[in-house]
Amino acid sequence: MKALLTLVFCLLPLAAQGKVYSRCELAAAMKRLGLDNYRGYSLGNWVCAANYESGFNTQATNRNTDGSTDYGILQINSRWWCDNGKTPRSKNACGIPCSVLLRSDITEAVRCAKRIVSDGDGMNAWVAWRNRCRGTDVSKWIRGCRL
């Protein structure tokens, strides 16, 4: 019993840090944080991108062939946007540690996404958005959500 309690208390902080959002829950959070029509991109675009980038999972990470890593619900890259302490010559343009992108609270991820989308290439910075969302009916990603 003592071992089980120890395990639970060790894993509890990990569970509290990340989250897999539902589609509508994420849409509501993104809207509250000002992403709806930010730089001309509807909320459906952002939810679509998050679906294909991370499956709405704030703890998603993916290692790239150049040695950088993508983090969080929008898979923000350590080469350009955040600092993971491992990626050589990281620009850290959002001025944040990559670890904050793995939290259940997506405030920092949204703040950084706004910086990225304002950088000149818009949502084209997200490969999944370019390949799966651009030019499609993204309104389906928020259909039925109470926003």
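Cβ atoms are placed via backbone N, Cα and C, with glycine included.
Per Swiss-Prot, C133 makes its disulfide bond with C48 among C24, C48, C82. Per Swiss-Prot, the cysteine from C94, C98 that shares a disulfide bond with C112 is C94. For C48 (disulfide bond), applying a Cβ distance below 8 Å and a minimum sequence separation of six or more within one chain yields W129, R132, C133, T136, V138, W141. For D70 (active site), the same-chain residues that are 6 or more apart in sequence and have a Cβ closer than 8 Å to its Cβ are E53, A60, T61, N62, N64, I76, N77, S78. Listed in sequence order, the disulfide-bonded residues from C24, C112, C145 having a Cα within 10 Å of the Cα of C82 (disulfide bond) are C112.
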